[in-house]
Each structure stands twice: as C-alpha cells, then as structure tokens.
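Presented below is the structure to which this report refers.
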Amino acid sequence: MDLNLNRADYLQVGVTSQKTMKLLPASRHRATQKVVIGDQDGIVTCFGMKKGEAVGVFKTLPGQKIARLELGGVLNTPQEKIFIATGSEIKGFTKRGKQFLSFETNLTESIKAMHISGSDLFLSASYIYNHYCDCKDQHYYLSGDKINDIICLPVERLFRITPVLACQDRVLRVLQGSDLTYEVEVPGPPTVLALHNGNGGNSGEDLLFGTSDGKLGLIQITTSNPIHKWEIRNEKKRGGILCVDSFDIVGDGVKDILVGRDDGMVEVYSFDYANEPILRFDQTLSESVTSIQGGCIGKDGYDEIVVSTYSGWVTGLTTEPIHKESGPGEELKINQEMQNKISSLRSELEHLQYKVLQEREKYQQSSQSSKAKSAVPSFSINDKFILNKDDASYSLILEVQTAIDNVLIQSDVPIDLLDVDKNSAVVSFSSCDSESNDNFLLATYRCQANTTRLELKIRSIEGQYGTLQAYVTPRIQPKTCQVRQYQIKPLSLHQRTHSIDHSRPMNTLTLTGQFSFAEVHSWMVFCLPEVPEKPPAGECVTFYFQNTFLDTQLESNYRKGEGVFKSDNISTISILKDVLSKEATKRKINLNISYEINEVSVKHTLNLIHPKLEYQLLLAKKVQLIDALKELQVHEGNTHFLIPEYRCILEEADHLQEEYKKQPAHLERLYGMITDLFIDKFKFKGTNVKTKVPLLLEILDSYDQNALIAFFDAA
C-alpha cells in the first residue's frame, strides 16, 4: 500500500538540539497527544491541538540551553514525567508543568546525552559517563572518544542494567557497572541510539543505531557478544541521522522505523516478509530534523509523524486527508470553519506586524542612545565539517536559524570546491594573491530567498595544512556576520579505522625524545582528523587510519618519549616526519628521528593509484572527443558510420561530462601524488630529484604502468 502523508506546521519555539521533543502518552488508543519540547533558550513548552490551533498547557521561564529531553516514570506505567538536561543539572516536571526535581550532578562539563529508566538516570558529558539511582552516584566510566548518545536496554524485560554508549570513534561501548563488557564496531560515527520497536524487539536486546554519514543498522546486544542483524548503507548520499523512532504509521500491525536526518529528510522504513527494512516513504523539509516521534496530534484517529526542526518548528506529517469528502450539508460547515481560520490568522498577522513595529522602534532608540551597548543581533549557527569516505571530500554544512544572505569562504591552503547537487546558491570566485597574503581561495555563495541550510564540498591536498574560514551573513538588519574556522590537517584525507592489513609492505618512522604522552598526543590531534582531543587512558595508544583517496594505511603507536608510525605510503611518512619535526622545534624539544624505508611499498602504492589514474585518463580522453563526435553526427545526420566505442561515448555524453565536472583537478591531484611519491622516495635516500620531475610528467602524459614503475626504479 502507498503511504500518503500531508504536512501541517503546528508551532515554532526557539532553536532546538537533538532529541529534545517528545509526545506525552495518550489517554486512550489513537486519542490526541500533547507535545513537549525544550529549546536552546532553556524554555520547555507543552501544547496540544484543538480545532486546528495550538493550545498551550504550560511554558517554563528561560534558562540554560536544553541539551536533551526525556520522559520517565515508574517502570511498567505510562511515562508522563518530563526530564530535561540543562548545563550540568537535571530538572523534572509533571505533565501539568509543576517542577518536582532539581538535581545538580557532579559533572564538570555540560550534559550531552541522557537516558531514563525508572529511578535510574544515565548521563554523559563529552567523555564521561555517570549512572545515578534515585539521584545517588552509582557508576562511572571514562570513554576513549566523545560520547554522542546513551541508552540502556529495557531493565523491566532483561532484569539487568546494560548501558550502551555511542562513541565518535565508530564504536558502541557496552557497559556493566563501571566496566566495559565489550565494544561493537559500526560502519560510521554513531550519532543516535534507539530501542527497536521502542522496547528492544523480541529479545529485548535489539538496538537501532544511526550514523553521522547516514547509515542505519540493527544490532542485538547480548551478554557476551554482538549480533549484527542488518544495515542500510547510505546509497543516495543523504544526510547524517539525528533521530530515530518506532511507530506503526503504515497501519499493518508492525512498527515501522521513522528516521530524521540533518539534511531535512524524513524517512519511513517498513519490514518485508523476510524482516528486512524497505524504504516506504520519504519527504524533505528545509532544515535538519532534530527529533522525531510517531503519534496522534492534530485529530483523533489520524496517526502522524511529528518532527521538530533546528529552527524550532514542530511539524506533523499526518494521515489526515487535506480534501475531506463531504455531502452538501457539510460543505457550509467546512466553509465556515475555513472562514474562521482565515480571520483568526489575519488578526494574528496584524498583531505580529504591530509587535514588530514596536520592537523595531525600541531597537532604534536603544542603538542610538549614548549609553547603548553593542546592539548587534545574535543568531545561532549549526555547523559540521566532516570527511566523507566515499569520495575523499569534506562536507561543510552551515545551518542558520534565519535565512542566509551569503557565505564567504576563505582558505590559506589550496583546496578544490566540488559541486553539490542540493546546493542552489550562486558561487562567484575572487582572484587571490597567494604569495603575498596566503589566500588560496576566496569564494562567495549567494543564497536564494529562504535558504537556511547550505552544504559545500571541498577536497584538500595532503601535506598542505592551514585554516578554512566561513563568514556567514544572514538576512537580518543591521547586517551582521559570524566567522567559523575549520582546520585542514596535514593528513586530512585519513580516516580512523579499527583494523589494517599487516601483510602490506610498510615504511617505519620512529621518534624518541623528551616529550610527554600528552605532547605527542597533541601532535597527533594536529596532524590527523578523528583523533580524540583528550589523551586516552593508559600509558600508550595505537590508532589505525586509512587514506580515503588512495586506500593506503597508517598505524600510529606512541607513548611518553617514543612514537612509532608505519605506513605503506612513503609520502605519509614524509609528511609526518616534516610536521612532527616542526612541532617539536616550536616547543624546543630535541627529537631523534630514524626511519626504515621499504622499497617494495613504492610499487605497491603505484599499483593502488593505477586503476584510479587509468580511469581518469580514459574519462578525460572521452570528454575531449565529445565535441568532435557531435559535429560529425550533425554533419552526417546519424551515427551508424561510427565504431561502437564512439557511439557509446555519444550516448553517455551528458553523464561523462557531468562526472568530469564533478571531479575538478582529479587528474592533476593523482599526478601530484605520484610526483610527491617520487620526490619522497629519493628524499629519504638523501637525493634531490626535482630536476627529473618534467620527465616524470612526460611519462604520465603517455601513461603506461610498466614504464612508470621502470622510471621509479631507474632514477
């Protein structure tokens, strides 16, 4: 059956964080429910719908930003108590808005994630997990990387407390008390956890997870080891998952999975006979979806998906039809209802216009006053700068609570801007003088009206590091701008992984010297993405990385006074050697550097580059032929006289040109990597071969893999 859902916007509050909206339990089956939502102004708003109008139940006073909102209560009873995490404090409210709890935790950082189960409270700050029972401290755990979300398997079904932490290093950590039971590797940094079917599924141990790169999966968390049930890869390149819920919106008696993403996509997955998830419905909203719930809000008997968005809109996707079928007697009633609604909206609009006028006058008076403080309007920006494994590019996502006017991008390192299909902004480039002022890129994105979210893609060059800056100007008066900075790291295209192929030919770099564990860890944070800011617990640490562009790998093992780095790419070792030497010199630390170069690794790296280079050369050749073949086609009137290969090029012309356009400087990038590999190979031997680079480029232009390998060996 098809699923038809109609959009209805109910209410707007302040800017919202992830998982801060819930539906209170219904008094009876399919009766309308109340919505409770917390925003970044610290206000908790509870409302219901009556005759198409939002009617407030209660609203709290402003306070600190609300990071999480959960419902709780005695186990096996309706979960009607409202709990919010604000700063390092937990507050509790009844469904009528009366505050009954104010619990100041012993966390030194703000609470980032929260889960409630009866009298048990599970909290996490960035790296610290705490378990409280009746507000008394029970257990504590320090995570190796940032904790994005937290959940506990249903105690009422399993009769054991099993907290699960979703951590940034692509791992779910399963705890018992203060101890780690085991770790579960997942295919991306997990951002959200939810119990399957809302209760852990048939076993009570089934856990849904969503990742920042848009993957969704189901894992059974048993007492001894994880069982991976299924996983949905993000084939359509949609946004990261921020929220998940289980609700039977299709109406077939089986709960569906509701998913909200950071690019505004809402999805519904149903299950087939083999119990595999199938996408049944999707709809795009204009901004990121921070919370999602299934229930009934607008009218009794009509199920809907209720979402909250970044700028604070509470929106329903309802099964209630827009055009109601009615007899002649009811038409008058519907028309009268519509007239009442229009007049109500008109009076509300007039009231708002009057209020805006008053506020504008007040603002002008305060800004012109001699005692006036800075009257620059503030606005909130939600930004992300993440590495995509699929195409070795970085996504810069900027979301503002109001419409964006323009975004200026400035970089002091060479980067490529890639095309993004979702991006409708008009880009213009300014010429830069990189020699005198370190400007390698100046680009302005002019946004269309009502654009609140902008997604950009960039590709960096490893070994060249610096800062990317985004100047964001929204459509508000007076004109004001916020600047956000993002570090382009020396090994920017490397991504954390949990295992590497130890059989590859490896080059080794060894550092020794009078440096502390914290110092060498700070160098790793500077060099590589996805390294936790805080040094991990213990005396030494091993991290594995994979280059997303070439699939080469890196193993870093370091402790106080010693660091050992192994890679199958000499250029990676060369970049590390140069950067770490520079960082140590800045801090006046004397480093002893030694290295072992494996000659076989050069041929191995060239073999990894070969298929990519061959594909790009063939693509460039095909694109160059398109115009000439089209002229021939026009001249001859048909393509029958062409050989099949050329006919195929003409048939795929649009696709080939689009692909070539999407990958600017791809060929030059591969040429650059081969050139760096050539220079680095001989640099470690103490030989300068820069004079032979023109000859290398000639060989690349008439590319033959064997000739290239022979040149590397003979030079």
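Even glycines carry a Cβ here, placed using N, Cα and C.
Residues or ranges marked as coiled coil in TrEMBL: 335-362. Beyond the coiled coil (335-362), the same-chain residues lying 6 or more positions past its ends with a Cβ under 8 Å from any Cβ of the stretch are 52-53.
Summarising the annotation, TrEMBL assigns domain 'BBS7 beta-propeller' to 21-319.
Annotation comment: TrEMBL describes 377-486 as domain 'BBS7 GAE'.
Mean predicted confidence for the domain 'BBS7 platform' (494-596): the pLDDT average there is 92. The feature domain 'BBS7 platform' is assigned by TrEMBL to 494-596.
What TrEMBL lists as domain 'BBS7 helical hairpin' is 599-712.
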- How many helix, strand and coil residues does the domain 'BBS7 platform' (494-596) contain under DSSP? 28 helix, 38 strand, 37 coil
- Message: DSSP on the domain 'BBS7 helical hairpin' (599-712): how many residues come out helix, how many strand, how many coil?
- Response: 93 helix, 0 strand, 21 coil
